[in-house]
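K.L.:
If you look up TrEMBL, you'll see GLY155, MET156, ALA157, GLY158, CYS159, GLY160, LYS161, SER162, ARG266 marked as ATP binding site. The domain 'CARD' feature in TrEMBL is assigned to 1-90. Residues or ranges marked as repeat 'WD' by TrEMBL: 612-653, 654-695, 696-739, 740-781, 825-857, 946-987, 987-1027, 1028-1062, 1070-1111.
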Amino acid sequence: MDAKARNCLLQHREALEKDIKTSYIMDRMINDGVLTISEEEKVKNEPTQQQRAALLIKMILKKDNYSYISFYNALIHEGYKDLAALLHGGIPVISSSNGGKDSVSGITSYVRTVLCEGGVPQRPVVFVTRKKLVNAIQQNLIKLNGESGWVIIYGMAGCGKSVLAAETVRDHSFLDGCFPGGVHWVSVGKQDKSGLLMKLQNLCARLDQDESFSQRLPLNIEEAKDRLRILMLRKHPRSLLILDDVWDPWVLKAFDNQCQILITTRDKSVTDSVMGPKYVVSVESGLGKEKGLEILSLFVNMKKADLPEQAHSIIKECKGSPLVVSLIGALLRDFPNRWDYYLRQLQNKQFKRIRKSSSYDYEALDEAMSISVEMLREDIKDYYTDLSILQKDVKVPTKVLCILWDMETEEVEDILQEFVNKSLLFCDRNGKSFCYYLHDLQVDFLIEKNRNQLQDLHKKLITQFQRYYQPHTLSPDQEDCMYWYNFLAYHMASANMHKELCALMFSLDWIKAKTELVGPAHLIHEFVEYRHILDEKDCAVCENFQEFLSLNGHLLGRQPFPNIVQLGLCEPETSEVYQQAKLQAKQEVDNGMLYLEWINKKNNKNLSRLVVRPHTDAVYHACFSEDGQRIASCGVDKTLQVFKAETGEKLLEIKAHDDEVLCCAFSADDRFIATCSVDKKVKIWNSMTGELVRTYDEHSEQVNCCHFTNKSHNLLLATASSDSFLKLWDLNQKECRNTMFGHTNSVSHCRFSPDDKLLASCSADGTLKLFDIHASDLLAEIHTGHHSTIQYCDFSPQNHLAVVALSQCCVELWNMDSCLKVADCRGHLSWVHCVMFSPDGSSFLTSSDDQTIRLWETKKVCENSAIVLKQEIDVVFQENEVMVLAVDNIRHLQLINGKTGQIDYLTEAQVSCCCLSPHLQYIAFGGEDGAIEILELLNNRIFQSRIGHKKTVRHIQFTDDGKTLISSSDDSSIQVWNWQSEEYVFLQAHQETVKDFKLLKNSRLLSWSFDGTVKVWSIITGRIEKDFVCHQDTVLSCDITPDATKFSSTSADKTAKIWSFELLSPLHELRGHKGCVRCSAFSVDSTLLATGDDNGEIRIWNVSNGELLHLCAPILIEEGAATHGGWVTDLCFSPDSKMLVSAGGYLKWWNVDTGESSQTFYTNGTNLKKIHVSPDFKTYVTVDNLGILYILQMLE
């Protein structure tokens, strides 16, 4: 498709998606031969009118010029003449070989399309070229030669860096030759981590519009960085990333992933911390005199030579700032006779700033802004004042201002266009709709000028918002939706509307609506940011919501979005989250919604002993003193904090450095604490008084780590820095004692060996090195590679435990002897930076971006996680009772009352499987040694089978009268034991291990095996009555119809079959599964069969004819996340055959009539093996792979 046509379609996409009905339009396009029947079907399958329109337009964008013309004609014929008029300007001329050159601007339609799709800002109202600088930037980008690297446009605020960056890529041959993959613009500005994540999420969404890589947004900066790398590498190779207005070095690390990057910044040192070649283009702080005069001449429509003398003086007073010159030029365009007046106003300098900035001389801008605002028409001055509440680097949709001013879109756009014409505001027409933004310096001016009104202005916006919307009813298809989700809480806090802010943040509806769109990270940040306000209402409620977000953050970013009410029902019953969820659930249950209560959830305990919040921002490091009595911590807020380990009582607070403090360490004798920082300094403090003892300033980059020797005599400190060096310091000397060379990139950690003779270090160069500290020699080197999900780990000094901080919020405890995980330590709301055991190993601490340090008792964590259930359980449902027989990992048989939680410990044994008798009089269990025993519950009498199995017993079951016990084993046999008469019958014919068996009526039994056969036996005679050769591969499951006429078999050969007991060939062979078919279940009325496979897919079949009725859609596997299993392991129909429950990675309930999911219950672990269901289909029991028992009850 011609680029001009494509651009026109992109520009008007939103209007088209909102209004068109696709069916008749598609009919005409099919008649024209530009759309296929299968494409029409895909569009029709979309659930809403708007989604159907969106898919049709996406298809047209991938087609040719004829498709555009056919679509245009269809719009006219179907009565959409106003929409067709929008596309008229883009109609391609089929016969023409025109290159598409735009006669007005000299920009081809190809360039316009690329820049439009990449979000590059448009030219200002009046524009002058600065060819020399543009050429310099282009030449430096060419030097990158397609390889990753950086070009930095550096200059003072307001010098036109952004305009130059945009102009650099407004060139057809340059774009086509150097960046055929496109250009992607990100307005960065001054950001915290949450703001940066939002920018990255928006960029990833733009780069992956067809969601071919992922259906959900990245949930944290690390994930976003990785997603961006893949998208740039695979979907947008040879493209240019432009980062506009970068302030902080740490921001660039998120984009440092083998891309070609152009950045604009006021500080050229921001790229010091990133890898790759760098080229700097310096932009002089002001325009040259001639360029300044050229801008004025364009505004007033005069030749440069004809400008009055005052023009030269005005340029001098403007100090060459393009922004200031444009402001004055816009005034002169309206009042061409006021040259003298505006010159005098600039010279008078009447606007006085309360707060000066050392980085920029504001006077010229302030005067120009002040004059421009004064000269606005009286009826629109107040509207400009209202813009004081806009944030820097945020583009605001027109609709937001329509709500603020209670006006129609056209009225608002007319007012804003006046501001744009006067260079008081900037408009971005790219993308779906009009967005407006201020230059950073204009925001500063407005805040300064209207400081006393700001609270009221924010309040006005919130009041207007409340007139139009309920927060949680915002729809994603509204152009202003994302703005409110991102900034509503900010405006409420700025308006001092504490009550409204608490109502918003403590609302399950708001949490659902916001996390569904952008994931939980930004919301968690807001809880931390506004903690001081939220705590005023109720700090316990605030904790409830933070904890809820923390524990469910990994779910709240996935697609399809989980039911947040169901997640809330899993919270403790005292939690505000649970109470809100219960209230909503009860209302929705009345309307036919399904919800589950986890009735035994109180057995899950919170394991952290102490939570302290000593810092106002992320905690980068925390450590115990050698005596274990104190904890020191440091972080983003530049302070060193010391507090008591037992109570959290603060002992010291020191403003330690001029920048973020990255690490701290106690000396072996506890007299000193060392700190190191982004400010490149290392400092030594008296740990009792807080007095500064020493400052070392010899590293040339940030210092990442500091560590003292383990013994106090000959006390040394090692430091590791981004300058790639390690240094050793003697506290008695003022200068560095040794420097260790060898790393080629930033050194992140260092540690002394227990005997203090060696120093180990690890680096971003992918190596771990070992140095002799006395000779400074490199002794050994290990290449570790660059990628690891482990952030930090520490080993217990007293036992074989290691505590590990993983990506996101995860902390795990591992036993190093068995290489098994001991516990998950949940609770942090954000990235965990540091973990450390106390000197005696009795406790360990974790520190996080969520501003907290958590203290955990090692023994308590181990004990609570030590006794876990195995997944082989048996359940008996009796009237109102649920009795669970389970085996734990320390060989105890437990009988658990599901309703009361009471546990009876029955006996110790090497149990591999167990079962309960129907009337709860006996239990039976089989062992790994093949032994079988029965325990009488009334008097603890034990009966033991004389003839056990030769190998591990896998399944065991009583007959209905409880007098006979049947067992199967790895030895391929089935034993029938009448344990009261001591009679035995052996069923031996399977050639391989028996997978399982089911009892039939009339003393018959059905068994299936790895040998591919299914056999029917008489358990009285031991003879085979029927022998079915079912599959070439293992038979994984069988089920029997309730009328006992048919059975199913499923296999690793990816098929399922339906059999009659009367025939040796199958009635139906069911094909279509793409993985092993692991389970099957008949409906109670024997008309339906459900089958589940290893890809998470469930199929529902008609038993009488073998037709597929429904495909219960699997959940796509994203980046290794647990889906419906991978494997579906168990299935069960409801008594009325209208509902189906399935087990896999978690539990799911399905509507059998539609094949759609009714509810999902996410267990803490995954890989569920079986689901036990009560006869009334209201109670469900399972155990996950962490050994957690779930007894769920349908909410009524």
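Backbone N, Cα and C define each Cβ position, glycine as well.
Just so you know, TrEMBL annotations never went through curation; they're auto-generated.
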K.L.:
Count the residues of the repeat 'WD' (654-695) that DSSP assigns to helix (H, G, I), to strand (E, B) and to coil, and report the three numbers in that order.
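P.N.:
Per-class counts: 0 helix, 23 strand, 19 coil.
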K.L.:
Ranking the binding-site residues ALA157, CYS159 by other Cβ atoms within 10 Å, which is at the bottom?
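P.N.:
Minimum Cβ neighbour count within 10 Å, taken over the binding-site residues ALA157, CYS159, occurs at ALA157.
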K.L.:
Give the sequence-ordered list of residues that share a chain with LYS161 (ATP binding site), lie 6 or more positions from it, and have CB atoms under 8 Å from its CB.
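P.N.:
Those within reach of LYS161 (ATP binding site), by Cβ under 8 Å and sequence separation of 6 or more, are ILE153, TYR154, GLY155, ASP244, ASP245, THR264, THR265, VAL283.
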K.L.:
Average the pLDDT scores across the repeat 'WD' (654-695) and report the rounded value.
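P.N.:
In the predicted model, the repeat 'WD' (654-695) has a mean pLDDT of 95.
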K.L.:
With ATP as the bound species and GLY155, MET156, ALA157, GLY158, CYS159, GLY160, LYS161, SER162, ARG266 as its recorded binding residues, calculate the greatest Cα-Cα distance and give it in Å as a whole number.
P.N.:
12
K.L.:
Report, as numbers and ranges, every residue of the chain located at least six residues beyond the repeat 'WD' (825-857) whose Cβ falls under 8 Å of a Cβ in that stretch; write 'none' if there are none.
P.N.:
193, 220, 521, 524, 527-528, 531, 546-547, 549-551, 553, 606-624, 626-628, 631, 633, 635, 645, 791-799, 801, 803-813
K.L.:
Are there residues at least six beyond either end of the repeat 'WD' (946-987) with Cβ under 8 Å to its Cβ atoms? List them, or say none.
P.N.:
912-919, 921-922, 924-932, 934, 993-994, 996-997, 999, 1005, 1007, 1009, 1015, 1017, 1019-1022, 1024
K.L.:
Determine which residues of the chain contact the repeat 'WD' (612-653) at the Cβ level, with the cut-off under 8 Å and only residues 6 or more beyond its ends counted.
P.N.:
193, 659-670, 673, 675, 677, 685, 687, 690, 830-831, 833-834, 836-840, 842-843, 845, 847-853, 855
K.L.:
Report the DSSP secondary-structure composition of the repeat 'WD' (612-653) as helix, strand and coil residue counts.
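P.N.:
Here the numbers are 0 helix, 23 strand, 19 coil.
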K.L.:
Could you put numbers on the helix, strand and coil content of the domain 'CARD' (1-90), residue by residue per DSSP?
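P.N.:
The breakdown for the domain 'CARD' (1-90) reads 68 helix, 0 strand, 22 coil.
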K.L.:
Tally the residues of the repeat 'WD' (946-987) by DSSP class, grouping H, G and I as helix, E and B as strand, and everything else as coil.
P.N.:
0 helix, 22 strand, 20 coil
K.L.:
Tally every other Cβ atom lying within 10 Å of the Cβ atom of ARG266 (ATP binding site).
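P.N.:
If we count other Cβ atoms within 10 Å of ARG266 (ATP binding site), we arrive at 18.
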